[in-house]
């Protein structure tokens, strides 16, 4: 299956976690990927690994908190490949020590958190839309989070910014659909990325597993498969949607077995 043959795909935060899995999935289907990551060292190493396997990829430094870096990423891609068919806005995150509950969160962190999770997605999309329009169409896939749909005891800024990503997805889809540009989002739940494995102990993982409808937690490749589907022609009649990838975590109230 070569759904991305002759396609140029930008993936932000591409050197690790969901981004790396998405990169592997797309190059396995013939896509050429710009590996944009804050860690140039990791991006270079990842690109070398994929290139040795025959993939056509380009690593580039990218800082999601700098608008200048967003513009440089698009310029780099056009210089290297001359086209952009898919943009995957994957990069995001938060600082748990500063992004707490509404009473105690650090408001000085607001701009950085929203720039990382929302402004970057908006600006990169703004930059690629004219390019995609000139080419006759394209795809944008945003990585949101179930934190943008539900709420938690902490991570207030993260949740609010990811909710913005979900609604931004609808706006982009509405405003660019007639230009043959689709825009969708994925909202992962707990995914066993290296970061999650390092920061969440076994007890926490068991709690999440107990509330999932599936007998297992998600892996990065589960999200990557969904992103690849949305970015491909298989999803040609889907736009403005957010696909939740959480093993059914958010489909029900907290439950216990009384039998």
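Counting starts with 1 at the first residue shown.
Quick reminder: no glycine exception, Cβ is built from N, Cα and C everywhere.
The Cβ neighbour count for residue 158 (active site, proton acceptor), using a 10 Å radius and every protein chain shown, is 23. If you look up Swiss-Prot, you'll see 158 marked as active site, proton acceptor.
The NAD(+) binding site feature in Swiss-Prot is assigned to 18, 37, 38, 90, 158, 162, 191, 192, 193; the stated evidence is similarity to another entry. The local packing around residue 191 (NAD(+) binding site), expressed as other Cβ atoms within 10 Å of its Cβ over all shown chains, amounts to 22.
Annotated glycochenodeoxycholate binding site per Swiss-Prot: 145, 158, in sequence order.
Under the DSSP three-state reduction, residue 145 (glycochenodeoxycholate binding site) is assigned to coil, being neither helix nor strand. Swiss-Prot lists 145 with the feature site 'Transition state stabilizer', giving similarity to another entry as the kind of evidence.
Cβ-based neighbour count (10 Å, all protein chains) for residue 162 (site 'Lowers pKa of active site Tyr') stands at 26. The site 'Lowers pKa of active site Tyr' annotation in Swiss-Prot covers 162, and the record cites similarity to another entry as its basis.
Put simply, residue 162 (site 'Lowers pKa of active site Tyr') is 19 Å from residue 193 (NAD(+) binding site) when counted between their Cα atoms.
Of all the binding-site residues given, namely 18, 38, 145, 191, those whose Cα is no farther than the 10 Å limit from the Cα of residue 158 (active site, proton acceptor) are 145. Note on the binding-site residues 145, 193: the fewest other CB atoms within 10 A surround the CB of 193. A 10 Å radius around the C-alpha of residue 145 (glycochenodeoxycholate binding site) takes in these recorded positions out of 18, 38, 162, in sequence order: 162.
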